[in-house]
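See structure below.
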Amino acid sequence: MKNCIVAQSGGPTSVINASAMGVFKANEELHYFDNVYAGINGIEGILNENIINLSHIDSEVINRLIYTPSSGLGSCRYKLKTYEDNKEEYIKLFEIFKKHEIDTFFYIGGNDSMDTVHKLSNYAKEHNLPVKFFGVPKTIDNDLPVMDHTPGFGSAAKFISTIALENKLDASVYTAKNVFVIEAMGRDTGWLAASSCIATLNGEPVVDLIYLPEVAFDEAKFLKDVAKKLEEKNSVIVVVSEGIRTADGTFLGEMGGTGLDKFGHAQLGGVCSYIKNVITENGVCKKVRAIELSTMQRCAMHFASQTDIDEAFNCGFAALKYSAEGESGYMIGIKRVSNAPYKSETFAVHTSKVANSIKYFPKEWINEEGNNVTKEAYEYTLPLIMGEPKIQYENGLPKYAFITK
Ligand code: F6P
């Protein structure tokens, strides 16, 4: 018996299930493994032997999962220590792999999860253990190095831009001046906030000001920017990244400095409300709305990008295919082959190049004022949002799959 196991880790996306199902469907076609198991709640769940057999799941549920947002297999924010720091954990994990005759492990996640793949792959090689490890990328943050973009980003970008566009219309109804502050996710990087540059109305950009973590936030300069825009127009749309920080590195959206996840990352969110207060308290504008997109931007499958769904699926599919011949410790990445017409392909990259490292939004794509992005950002993002999925509806709502764990 030769089995594989797939698990999901980190924050969900609209398309992370498409990647898991890509692994599963590839095996249906290629028959490399006798069973495709799923670890529920990532590595944390596997350590608790919370494992199901995907091969036993109804094909209708499997097909529906491709069009279901969030991590259908559950997730975790679990920092795997080094072997030296927690030998028991490694020994236990490989005992569980042996018991379930696991030959290959596919981990779908971001840069922290690729660190897990890297550590486990090295450990197996050093101890001559017959288990191979492969990474499948995901994150709406789009901050994985080496690859062009990550699965999850295109759908989030499509959602954020649509919200900006629709709110622009809502903001334009009164004669009184107003400011809408929309907050996008992105702990370390501004890719998501910057993606709002693709929203246009009558050929003009909808978003007036964009603030990214890559540029130190200066409150006085920000107030001047908003006041200047309000002189030119009645409604001003501002998009901020949850990760914006002052020159000394303090996050504007940090929750009292105590909210850390298991990776030690600050739990962000709510920066738009802070900024709303900054605008009103300084008398720049009386009517200000704060719109925190929060989890909505990563689970809005009803408005996902078909391009993103396809690429997420392809990454999972390619990982399984690659596992037959490829060396353990690699992740599948996406390469942009051409922009117009848009074409991408997958490739393999060693997880050491991805683990714990961050791809920042390019400095040369930020305008001189540091309050917007250039046309390169527009051209980069636009192809990634193309295509709308044909979601099935029931009682007027999307019909999603849910695996009872
Ligand atoms: O996966 C990345 C991300 O989307 C970040 O932008 C955000 O800071 C984080 O997840 C928060 O997710 P959660 O609250 O689920 O840990």
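One-based numbering along the chain as shown.
Using N, Cα and C of the backbone, Cβ positions are placed for all residues, glycine too.
Taken from TrEMBL, the feature active site, proton acceptor applies to Asp141. Around the Cβ of Asp141 (active site, proton acceptor), a 10 Å sphere holds 29 further Cβ atoms from the protein chains shown.
The feature diphosphate binding site is assigned by TrEMBL to Gly11. Gly11 (diphosphate binding site) is surrounded by 21 other CB atoms, counting those within 10 A of its CB over all protein chains shown.
The C-beta environment of Asn111 (Mg(2+) binding site), restricted to residues of the same chain at least 6 apart in sequence and closer than 8 Å, consists of Thr139, Asp143, Leu144, Pro145, Val354, Ala355, Asn356, Ser357, Ile358. According to DSSP, Asn111 (Mg(2+) binding site) sits within a helical segment. Taken from TrEMBL, the feature Mg(2+) binding site covers Asn111.
TrEMBL lists Thr139, Ile140, Asp141, Met185, Gly186, Arg187, Glu242 with the feature substrate binding site. The C-beta environment of Gly186 (substrate binding site), restricted to residues of the same chain at least 6 apart in sequence and closer than 8 Å, consists of Asp141, Asp143, Leu192, Ala193, Leu212, Pro213, Ser241, Glu242, Gly243.
What TrEMBL lists as domain 'Phosphofructokinase' is 4-301.
When other Cβ atoms within 10 Å of the Cβ of Asp112 (site 'Important for catalytic activity and substrate specificity') are tallied across all protein chains shown, the result is 20. Residues or ranges marked as site 'Important for catalytic activity and substrate specificity' by TrEMBL: Asp112.
According to TrEMBL, the site 'Important for catalytic activity' annotation covers Lys138. Look at Lys138 (site 'Important for catalytic activity'): DSSP puts it in coil. The C-beta environment of Lys138 (site 'Important for catalytic activity'), restricted to residues of the same chain at least 6 apart in sequence and closer than 8 Å, consists of Gln8, Gly10, Thr13, Val15, Ile16, Ser19, Ile108, Gly109, Gly110, Thr150, Pro151, Gly152, Ala312.
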Binding-site residues compared (Ile140, Met185) - the one with the fewest other Cβ atoms within 10 Å:
Met185
Neighbour tally for Thr139 (substrate binding site), based on other Cβ positions within 10 Å of its Cβ:
28
Inter-residue C-alpha distance, Arg187 (substrate binding site) and Gly11 (diphosphate binding site) (nearest angstrom):
11
What is the Cβ neighbour count of Arg187 (substrate binding site) at a 10 Å cut-off, with all protein chains included?
22
Of Asn111, Asp112, Lys138, recorded positions neighbouring ligand 1, Cβ under 6 A:
none
Centre the Cβ atoms of Thr139, Ile140, Asp141, Met185, Gly186, Arg187, Glu242, go out 8 Å, and tell me which other residues of that chain have a Cβ in range of the substrate site.
Gly11, Asn142, Asp143, Ala184, Asp188, Thr189, Trp191, Leu192, Ser241, Gly243
